[in-house]
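Take a look at the structure below.
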Amino acid sequence: MNASSSGLSTIIPIYMLGLGGQVRDVAIALFLSNLAVTLGAVFWGRLIDAMQWRKTIIAACSAAIAITCGAMYFVSSIPVLMVLSALVGFFSVGPAPVTNLLVMEKSRKEDWLKTFSWTSFISAAGLVVAMVAGYLWLMKYDAQSYAVICSAIAISSLALTIVFVRDPPATLKRRAIAMSPAALVDRLRQVPVMFLKPVADLSLSKLQASVSRKEFLFFAGTGLYFLSGNLLFTPYTPFLKDSGVTDSQVFLAYTILHMSRVFFLPFNHRLVARGGEETMGRLAYLPRMFGIVLAVVAAFLFANNPASILAMTVVAFVAVEVGFSIWSTTTTSSLFKMIPDGRAGSVLGVNSAIIGSGLLIGSIAAGEVAATFGYGATFTLAIAFLGASFALVSKHFKRIVVKAAA
């Protein structure tokens with residue numbers, strides 16, 4: 001399902017630009033998508049805790065993504081594309097906490113890091129398939145028609161979910177309580193709260209009061225990391241298009257981005273295990289920083305040279321993705337170790353919501369900064385926030401080391 005949603009998320013900015021949209025329009029679409037991710041993350045996490053659903057959530061989200069992709073084929077309006085972008089964000093985030101829970105339920109605790117690496121590998125391989133399909137398809141056809149390919153991929157995900165995914169067994173008493181008329185009415189009353197309460201819960205004061213200092217550093221650093229990432233990726237497709245790069249070449253760049261993850265992930269677990277989570281968590285920032293610096297150089301020095309920009313983009317994307325791959329493995333392992341019994345869905349949902357908040361701020365800021373000061377300034381700002389994330393996450397890992405030594 002990640003393949004279909006990622007494919008649609010990649011093609012929507014290209015299609016919007018083809019309809020006459022600007023970087024601000026792309027940023028608004030991603031802002032709405034990330035807003036939906038932020039709200040949806042907490043919604044799906046609480047639903048998982050309440051109902052213990054696995055298969056149902058993945059199947060429902062796959063079906064919704066398939067319908068959304070199919071709808072894009074008939075759309076030629078930028079505002080409607082923005083709505084579709086929001087729907088993709090809301091439904092694409094649902095399976096994320098489910099996947100993490102399945103990793104925790106189907107493997108031993110000491111194998112979580114390894115299992116997570118392999119699930120990430122499978123997901124990344126699916127993304128490569130979607131990007132390669134887009135690269136080949138856009139050589140001959142227009143961007144709008146690629147939505148049909150994304151819909152077909154989502155339908156395939158739905159079929160695989162129906163066949164292979166199983167919900168955990170529930171006792172008769174628990175099932176009877178969950179499906180009783182009173183429980184159903186209560187859940188309907190709670191629907192507005194599930195969407196609106198996360199916004200209040202994500203204030204810095206409440207977050208700081210509800211977690212330890214070590215955990216607050218972790219969540220704050222994670223949010224800044226993804227804020228930095230969106231300052232890079234939100235305006236990057238408009239940057240490529242404004243520089244003369246073709247639609248097919250845009251997909252080629254993102255194909256290499258995801259292929260680098262596929263090639264690197266098999267070594268990820270061993271590399272982190274050998275170097276240590278704390279050390280590798282810090283070192284993971286170096287290739288990420290190098291990649292963004294290359295983007296800055298491309299924006300300032302090679303603005304009207306499509307061949308040079310595409311070549312530098314490929315190198316930058318590989319560096320950025322390798323750094324993210326290591327960072328994601330180490331931080332996910334740290335997150336798993338912080339989860340208390342009985343609150344897995346909620347904690348994973350809050351983590352996803354904080355990530356969504358970073359993406360949310362990054363997307364709207366990227367559109368304004370890029371439109372006002374240019375792409376180079378936007379990428380430079382991404383470096384600054386990545387440095388702030390490094391400082392916070394380093395303090396988090398330092399506290400872990402001190403606690404272990406004590």
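Even glycines carry a Cβ here, placed using N, Cα and C.
Copied over from TrEMBL:
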| type | residues | note |
| --- | --- | --- |
| DOMAIN | 1-406 | domain 'Major facilitator superfamily (MFS) profile' |
| TRANSMEM | 26-45 | transmembrane segment |
| TRANSMEM | 57-75 | transmembrane segment |
| TRANSMEM | 81-103 | transmembrane segment |
| TRANSMEM | 115-138 | transmembrane segment |
| TRANSMEM | 144-165 | transmembrane segment |
| TRANSMEM | 216-236 | transmembrane segment |
| TRANSMEM | 248-264 | transmembrane segment |
| TRANSMEM | 285-303 | transmembrane segment |
| TRANSMEM | 309-327 | transmembrane segment |
| TRANSMEM | 348-367 | transmembrane segment |
| TRANSMEM | 373-393 | transmembrane segment |
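The stretch from 26-45, 57-75, 144-165, 248-264, 285-303 that makes the most Cβ contacts under 8 Å with the transmembrane segment (81-103) is 26-45. If you average pLDDT over the domain 'Major facilitator superfamily (MFS) profile' (1-406) in this model, you get 81. When Cβ-Cβ distances below 8 Å are used as the criterion, the transmembrane segment (57-75) is approached by residues 1, 4-5, 8, 11-12, 15, 44, 47-48, 81, 84, 87-88, 91-92, 94-95, 98, 144-145, 147-148, 150-151, 154-155, 157-158, 161-162, 165 of the same chain, each at least six residues removed from its ends.
Counting Cβ pairs under 8 Å to the transmembrane segment (248-264), the stretch among 115-138, 144-165, 348-367 with the most such contacts is 115-138. In this chain, the transmembrane segment (26-45) lies in contact with the transmembrane segment (348-367); the count of Cβ pairs under 8 Å, excluding pairs fewer than 6 apart in sequence, is at least 3.
When the stretches 26-45, 144-165, 285-303, 309-327 are ranked by Cβ pairs under 8 Å to the transmembrane segment (216-236), first place goes to 26-45.
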